[in-house]
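Scroll down for the structure; my scribbles are underneath it.
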Amino acid sequence: MRYARLLAPTAGTGLLRIAQLASLLAITRLTEGDLQSFLVTGFGVLASFSVISDSGAANYLLSLNRERQNRATYAMVLGLQACIAAVVLVAVFVFLILISPDGLNTGHFAILIALALSQTLDGVGRAAKAPLLVNRRDDLFAAPDIATGVAKLAVVGIALLASNLDVLMFMPLVSAAALAVVVVLVRRGLGTEAKPEPKLFRKVLEIGLTGSLSALYSQSPMFLAAALLPLNVAAELAVIFRVVQALELVPATLSVQMIPRIKADKSPLRLWLMFLSAGLAIALVVIFCWPIVSTLLDIALRPEFYIPVTIAFAFKCGNYAIVAYLLGSGRVRARLIVTVATGVIALLLVTGCALAWGGFGLAIATAAIELVFLGVAILVLGRTRRTPERLVS
């Protein structure tokens, strides 16, 4: 029973990813030609933007013990996350207009905006339920994701049965309902102190900056594909990125659960090996499923694109363990150093590979980015193991 409760968040996260892939399936099945290429590419772009929109709110709330959780802090943290998510939503809108064949007149453009809004609300919801994990209520933490995933799958099912993609416009309503329930439930269990945590915005943004920078360089292949490559090639890469990156929420969720349990005096090697081994096993399964994925989504996926991106997932799993260790042991600034250094190298690497080898270059760069992160993290960890920086004074 205890293990089932601990695995519940991963199950909920997995269900949300399945719902996201189901939305992609509906787009590929109910459209064709240039419109399909645009919608699939746009779907990949908005998913990448949603990753960048994390302000650090969830990880900040996870860093506070039960006594320091109160309604004032909770409201300010969620407000900050909502504001940043709104800015990112506007950026999504502008980017989609720039890559669309006919601007706002492009077919089903409104559906992409609806899906972007739904993912924005889901992002706020992830921060909203963080206090449940601090209280070790992993089952309650997972419940909103499970309910949202089931509801979204139902919406996609109706769209496929009715052969009407416009049904996906209801996705934001599902996300909004889940968010409202979570906020009401969590707020009831928080302290009523009127004074929020000191230097709250700075601390949240310090955590969020590292996450956003990490997301920016890890998602840069998708952005460059949409901006530089023909839409049909960008759509192919978008499908591969979405299929493979959909799996990332599993190690991401497990690593978040590990943050409150990390011991600063322990080596991260065992945790890294555990995550890497699981990632390699999953990657092999995904590679063998390549023909099935290509047939199911009705898009020809080239192995020279598919395999490097899938291998990158395995190393990304190991890197999630390193990030959890850095946050759980209070080495927030060390993580920032790793992220900035990796980001500079990665952006140069991705841009060069895209210009030199196109789609294949972006696929190779995706794997190379994770190896760069690992190398930089090893160097930084070697210098900080003896003098950990505490997240909270």
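Quick reminder: no glycine exception, Cβ is built from N, Cα and C everywhere.
Unlike curated entries, TrEMBL annotations are predicted automatically.
The annotation transmembrane segment is assigned in TrEMBL to 37-62 (among others).
The transmembrane segment feature in TrEMBL is assigned to 74-100 (among others).
Per TrEMBL, transmembrane segment is recorded for 106-128 (among others).
According to TrEMBL, the transmembrane segment annotation covers 140-161 (among others).
What TrEMBL lists as transmembrane segment is 167-186 (among others).
Long-range contacts of the transmembrane segment (271-293) within the same chain, counting only residues at least 6 positions beyond its ends with a Cβ under 8 Å from a Cβ of the stretch, are 243-244, 247, 250-251, 254-255, 258, 301, 303, 306-307, 310-311, 313-318, 320-322, 324-325. Positions annotated as transmembrane segment by TrEMBL: 271-293 (among others).
The transmembrane segment feature in TrEMBL is assigned to 305-327 (among others).
Below 8 angstroms of C-beta separation, residues 206, 209-210, 213-214, 216-218, 220-221, 224-225, 228-229, 323, 326-327, 364-365, 368-369, 372-373, 376-377, 380-381, 384, 389 of the same chain, each at least six residues beyond the ends of the transmembrane segment (334-357), sit close to that stretch. Here TrEMBL flags 334-357 (among others) as transmembrane segment.
Positions annotated as transmembrane segment by TrEMBL: 363-381 (among others).
Remote same-chain residues near the transmembrane segment (106-128) are listed as 16, 23, 31, 35, 38-39, 42-43, 46-47, 49-50, 53-55, 57-58, 61, 77-78, 81-82, 85-86, 88-89, 92-93, 96, 100, 144, 148, 152, 165-166, 168-169, 171-172, 174-176, 178-179, 182-183, 186 (criterion: CB distance under 8 Å, separation of at least six residues from the stretch ends). Tertiary proximity for the transmembrane segment (74-100) is limited to same-chain residues at least six positions away from its ends with a CB under 8 Å from its CB atoms, namely 38, 41-42, 45-46, 49-50, 52-55, 57-58, 60-61, 106, 109, 112-113, 116-117, 120, 123-124, 127-128, 131, 183, 186-187, 190, 196, 200-201, 204-205, 208, 226-227, 231. Outside the transmembrane segment (363-381), and at least 6 residues removed from its termini, the chain residues within Cβ reach (under 8 Å) are 214, 217-218, 221, 237, 240-241, 268, 304-309, 311-312, 315-316, 318-319, 322, 326, 334, 337-338, 341-342, 345-346, 349-350, 353-354, 357.
When the stretches 37-62, 140-161, 305-327 are ranked by Cβ pairs under 8 Å to the transmembrane segment (167-186), first place goes to 140-161. Here the transmembrane segment (37-62) has Cβ contacts under 8 Å with residues 20, 23-24, 27-28, 31, 69, 73-74, 77-78, 80-81, 84-85, 88-89, 91-92, 95-96, 99-101, 106, 108, 111-112, 115-116, 119-120, 122-123, 126-127, 130-131, 133-134, 203-212, 215-216, 218-219, 222-223, 225-226, 231-232, 234-235, 237-239, 241-242, 245, 256, 259-260, 299, 327 of the same chain, all six or more residues outside its ends.
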